[in-house]
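Single-structure report; data block below.
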Amino acid sequence: MAEPTPALPDRLIAHLDMDAFYASVELLRYPELKGLPVVVGGRRAHAPQLRPDGTREFFKLADYTGRGVVTTSTYAARAFGVFSAMGLMKAALLAPQAILLPADFDAYRHYSRLFKDAVRELAPVIEDRGIDEIYIDLTDVPGARDPVGHDPLGGARALAREIKNSVWRATGLTCSIGVTPNKLLSKIGSELEKPDGLTVLTMDDLPTRIWPLPVRRINGIGPKAGAKLDSLDIHTIGDLAAAPPALLAQHFGPGYSLWLHEAALGQDDRPVVTYSEPVSISRETTFERDLHAKRDRPELSRIFTALCEQLASDLQRKGYQGRTIGIKLRFEGFRTVTRDLTLELPVQDAAAIRRAAGLCLKRVDLSQRLRLLGVRVGKLSRPGDVDSTRRSRSAANAAPNGPKPENLRLFS
Ligand code: DCP
Ligand code: MG
């Protein structure tokens with residue numbers, strides 16, 4: 001009698017996430033920084049200067065003053081405790097010798113496209129999850145379900161290794177991949193052996209690899225739910241799997257509690273969605289110092305206009321227009337306020353966005369000083385075809401200041 005072969009899961013889903021993405025792209029340009037603590041998050045003024053002898057002088061984190069935050073850091077910087085979203089001045093205390101670099105989003109978008117194209121050549125069913133991560137459905141990729149020797153997942157493992165090599169050849173960058181029966185577990189899996197990791201898990205690995213992890217590792221358990229679970233003495237995913245469903249239902253409501261329970265058991269049947277439209281596109285900025293709506297009006301107005309212009313160029317580059325224009329304000333003391341309004345017709349140009357966002361601004365009490373301003377465009381659509389693009393362009397030309405206020409419909 002032949003030995004029973006362990007059953008292959010119905011699906012083989014991969015999650016791929018680039019390692020220290022922005023920082024790694026910077027290292028391609030400045031290879032002399034390899035292995036050093038490097039932080040991305042500065043402004044243009046922090047760009048390296050070329051010395052007469054051709055070498056570069058980099059900006060040391062110790063010399064930073066201001067209120068910027070770490071966008072990302074190399075693993076060498078993370079060893080000092082410097083992570084995304086930390087204030088740069090706090091980071092400077094932990095790693096004063098670290099090099100600070102400004103972000104260059106055009107470069108990151110370029111490498112994002114390169115790595116996704118490289119993966120697509122090997123495995124076409126890809127869900128784009130942002131600049132540095134994708135889900136890949138490997139189920140129907142030839143060879144993915146072939147055993148290698150006694151390893152039923154050998155084919156999947158080999159394919160994932162091939163994807164990593166291909167990303168490296170296309171970009172010079174490393175990534176980490178998790179391969180499991182579903183998106184939920186793969187997202188957790190890709191983090192387990194970062195950087196340059198490859199983690200292949202089956203349901204049998206749940207108790208040893210997943211259950212010991214903190215509940216927050218589940219994508220969908222945010223800070224609020226995490227704190228609530230902590231207060232219920234549910235700390236690990238295993239604790240969550242063992243929690244009485246009635247207790248969860250009592251604290252989280254029927255829908256979310258059911259999802260929590262299933263997530264802890266590693267169940268997730270969401271498909272890999274090959275095409276999805278972004279919900280909204282936004283730009284925001286934290287000021288160097290708090291600004292007051294009246295006293296700092298010219299500066300605020302300049303920043304506001306610049307944000308709207310950047311947003312309009314984002315929309316145009318990505319080929320979107322939007323009907324809902326929103327603003328986000330953060331006041332001293334961190335209170336955050338948003339307002340939006342929905343226009344009758346979608347817009348794409350800076351003047352129209354500025355005008356609508358200006359109306360939103362009028363609905364906020366601006367007596368407190370501001371530390372952050374953001375502008376968002378939602379209810380996105382694509383300007384139908386070439387003709388409709390042309391029509392909307394010529395309409396914009398006819399009325400260079402965008403739609404007249406009476407054409408704006410307010411929904412509060
Ligand atoms: N990013 C950001 N703001 C954050 C976190 C991240 O702008 N609070 C940006 C910078 C990152 C990129 O998004 O380079 C990808 O985010 P990740 O969470 O995947 O972080 P990294 O790729 O930098 O590191 P890791 O190796 O942990 O994936
Ligand atoms: Mg990443």
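Using N, Cα and C of the backbone, Cβ positions are placed for all residues, glycine too.
Positions annotated as domain 'UmuC' by TrEMBL: 13-222. Residues or ranges marked as Mg(2+) binding site by TrEMBL: ASP17, ASP132. Taken from TrEMBL, the feature site 'Substrate discrimination' applies to TYR22. For GLU133, the entry in TrEMBL reads active site. The feature region 'Disordered' is assigned by TrEMBL to 382-412.
Counting Cβ atoms from all protein chains shown, ASP132 (Mg(2+) binding site) has 22 others lying within 10 Å of its own Cβ. DSSP assigns ASP17 (Mg(2+) binding site) to a strand in the three-state reduction. Between the CA atoms of ASP17 (Mg(2+) binding site) and GLU133 (active site) there is a gap of 4 Å. Its Cβ taken as reference, ASP17 (Mg(2+) binding site) is surrounded by 21 other Cβ atoms within 10 Å in the chains shown. Taking the Cβ of TYR22 (site 'Substrate discrimination') as reference, residues of its chain lying under 8 Å away and at least six apart in sequence are, in sequence order, VAL40, THR71, THR72, ALA103, TYR108.
Of all Cβ atoms in the protein chains displayed, 19 besides its own lie within 10 Å of the Cβ of GLU133 (active site).
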